[in-house]
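These notes concern the structure reproduced below.
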Amino acid sequence: MSQLMQLKDVAESTRLGPLSGEVSAGEILHLVGPNGAGKSTLLARMAGLTSGEGSIRFGGAPLEAWATATLAQHRAYLAQQQNPPFAMPVWHYLTLHQPDKTRTGQLNEVADMLGLGDKLGRSVNQLSGGEWQRVRLAAVVLQIHPDANPVGQLLLLDEPMNSLDVAQQNALDRVLHHLCQAGIAIVMSSHDLNHTLRHAHKAWLLKRGKLIACGRREEVFTPSYLAQAYGLRFRRLDVEGHPMLISAT
C-alpha cells in the first residue's frame, strides 16, 4: 500500500502529541483509546480543520498548502456531532455533497445500502438520531466515492457507529469495505475494541494525547498495551475462529 498521509511530531497544546505515523491508501485505520485520549482532536487535525505543532503531508504536499475546495474533493470528514442545518429533504442534503449531482443512481444506491431508501423525501430536521447519523454518513461517502469522484482518497470518521443499531453498523462496515477495496483510506475513531479487532487493518492506541502503540491490530491489542490505555486487565479469547477481547477484572 502506498503512503497517503504522513504525520510528524503532530501536537496541539496539552490535548495531543507529539505523535508521528502514516496512513496508507486502501487501509482501514482505527483510532482507539478512552475518552479524552485525543481521537477527535487528531481527526480534526488530519482533516485540515485545525493547526498546531508538527507537520502533516497529504498526497505529497503539506496539508496547509491545500486550498479548501480542492481538499474537499480529496478527503471527506464526519464530525462526531452535527445538527441538521435547516429544513430540507434528505435527497437534497445528499445532493449537496455529490461532486456530480446528476448521479442520482449512485445517490439511491448509497442510500439503500445504509437503509435510507424510504427516507429520501423526509426533512432532515424530522429524523431520529440514528437516521440523521446515517444521512451524514451517506453524505461523506458520496463526497469521495470513486465512482463519481476519481480524486477521492481519504475518509475521516469521528465515532461513525454512534446511534447505529447492530444491523446498521453491519451495513456501514460493508460500505467502508467497498471503499477500502477501491483504494480509499479510512481513518475512524472507535470505542468497540472487538469491532476494531475484526474490521481494522491497523490501529493507533492513544491515552491522554499520547500514542501508546500503533501497527497491525493484533500487535496493538496486547494485554500490556491495553492495560496501559484503560487501566484494566484484558483476556483474548477465540470464539468460533474469531479473536475476542474481554475485561478480566
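Cβ from N, Cα, C; glycine included.
Keep in mind it's a predicted model, so treat the numbers as computed, not measured.
If you look up Swiss-Prot, you'll see G33, P34, N35, G36, A37, G38, K39, S40 marked as ATP binding site, on the strength of sequence analysis. Taken from Swiss-Prot, the feature domain 'ABC transporter' applies to 1-233.
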(message) Counting other Cβ atoms within 10 Å of each residue's Cβ, which of the binding-site residues N35, S40 comes out lowest?
(response) N35
(message) Using a Cβ cut-off under 8 Å and a sequence separation of 6 or more, which residues in the same chain sit near G33 (ATP binding site)?
(response) K39, L205, L206, K207, I212, A229
(request) Mind checking which of P34, A37, G38, K39 has the fewest other CB atoms within 10 A of its CB? They're the binding-site residues. (result) P34
(message) Looking at the domain 'ABC transporter' (1-233) alone, can you tell me the average pLDDT?
(response) 96
(request) For the recorded ATP site, whose residues are G33, P34, N35, G36, A37, G38, K39, S40, find every other residue on that chain with a C-beta no more than 8 angstroms from the centre of their C-beta atoms, and list them by sequence position. (result) S189, L206, K207, R208
(message) Counting across all protein chains present, how many other Cβ atoms fall within 10 Å of the Cβ of G36 (ATP binding site)?
(response) 13
